[in-house]
Amino acid sequence: MNLACLLHLWAGDPVLHHQAPERRSSRRPFSFCLQHLPFGFCEWLGIVASVWSSLREPVRRWADNFEAEGCGGSQEHSFKHPFVQAVGMFLGEFSCLAAFYLLKCRARRQSDSSVEPRQPFNALLFLPPALCDMTGTSIMYVALNMTSASSFQMLRGAVIIFTGLFSVAFLDRRLVPSQWLGILITIAGLVVVGLADLLSKHDSQHKLSEVITGDLLIIMAQIIIAIQMVLEEKFVYKHNIHPLQAVGIEGFFGFVILSLLLVPMYYIPTASFSGNPRGVLEDALDAFCQVGRQPLIALALLGNISSIAFFNFSGISVTKELSATTRMVLDTLRTVVIWAFTLALGWEVFHPLQILGFLILLMGTALYNGLHRPLLACLSRRWRHPTQEGEQERLLGDSRTPINETS
């Protein structure tokens, strides 16, 4: 589930700056009111949520780096089970449904209808977006085994390109020139990030061919995530469903379907592409055996699940109180934290082009979301203010005449 876009629409904001149907509401996300909390609480909670969610990619990579024996006394090997980790992610989203019903019970006791949908809806509406979410997430988990966590986070910015194009094609949106310019700048940033991956030194675990394949898989996953956003905006958002409930339902579908798909994946051969001893698409039994022999893997998986659950809950708590600029800063902070974390642990090698690519992507995202407008308005006011003051002083100076001359 793309929580950020869902939150923006529920809060009355357009998805990625698209003009969504009017359904702005004055109600609060929960029965309590955030405006009575101390000043800066929402901003700090947003920072904590952003930093905590930033740990998802490093935690996934941490789990991948563990080596343990598998089933049947097999030799120690890396924990490369992307689909099992994806099931854990959907379990974290599914837990949001429990949080929603707890809030619903609390709201009923306080006669608060803010968590109730305005009209009945069929839960199967979430099935197509959930399938897209499941597919895109699984592909990204596979790609994370092939490329660096920082490149993984930066390349996810490609979703702006495909969401913009699909919204024009299927939602009859019209993008303003600044948004088209933002898309072009984002493409340039992606090229620079990809070039940095090509020129960086690669270890024995990540060969150049794997890095290229991983980057392409991330871009492919963003196409699927963009389709998910279009489906959600076209069929789901009009029901004005509480974000915790929406995330929980999609998490339920993703958890159930992907768990069932682990059975056929156990028999689909993929040779050395999978990374597990049996050479199948996913060996869930091997994953459970490794978790049993190395408890720290279970800790990493629980960290992934809890980070997703906490990010969803805290994100919903503060989204209506934060501006688009603040959300942009928090998204940037997430990428910086992931980058610094992986560099500090020596999981990737620094390349100067990554900074350039990151700044270009940041500029493209800011333009696409219209964050240049407040800056231009501020600059125009500052430019106009001194000019008006000078003009007033000149006019007043010309009109002044000494009193003794008029007498």
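Quick reminder: no glycine exception, Cβ is built from N, Cα and C everywhere.
Distant neighbours of the transmembrane segment (83-103): 1, 30-31, 60, 63, 115, 134, 137-138, 141, 242, 244-245, 247-252, 254-255, 258-259, 261-262, 265, 281-282, 284, 287, 301, 304-309, 312-313; these residues of the same chain sit at least 6 beyond its ends, with a Cβ under 8 Å from one of its Cβ atoms. Sequence annotations record features per position, and here TrEMBL assigns transmembrane segment to 83-103 (among others).
Residues 1-2, 57, 60-61, 64, 82-83, 85-86, 89-90, 152, 156, 213-215, 217-218, 220-222, 224-225, 227-228, 231-232, 235-236, 239, 246, 249-250, 253-254, 257-258 of the same chain lie 6+ residues outside the transmembrane segment (124-144) yet bring a C-beta within less than 8 angstroms of a C-beta in it. The transmembrane segment feature in TrEMBL is assigned to 124-144 (among others).
Tertiary neighbourhood of the transmembrane segment (150-171): same-chain residues 15-16, 18, 57, 140, 143-144, 179-180, 182-183, 186-187, 189-190, 193-194, 196-197, 214-215, 218-219, 222-223, 225-227, 229-230, 233-234, 334-335, 338-339, 342-343, 348, 354, 357-358, 361, 364-365, 368, selected by CB-CB distance under 8 Å and a gap of 6+ residues from either end. Taken from TrEMBL, the feature transmembrane segment covers 150-171 (among others).
Annotation source TrEMBL lists transmembrane segment at 180-199 (among others).
According to TrEMBL, the feature transmembrane segment maps to 211-231 (among others).
What TrEMBL lists as transmembrane segment is 243-268 (among others).
If you look up TrEMBL, you'll see 296-316 (among others) marked as transmembrane segment.
The feature transmembrane segment is assigned by TrEMBL to 328-347 (among others).
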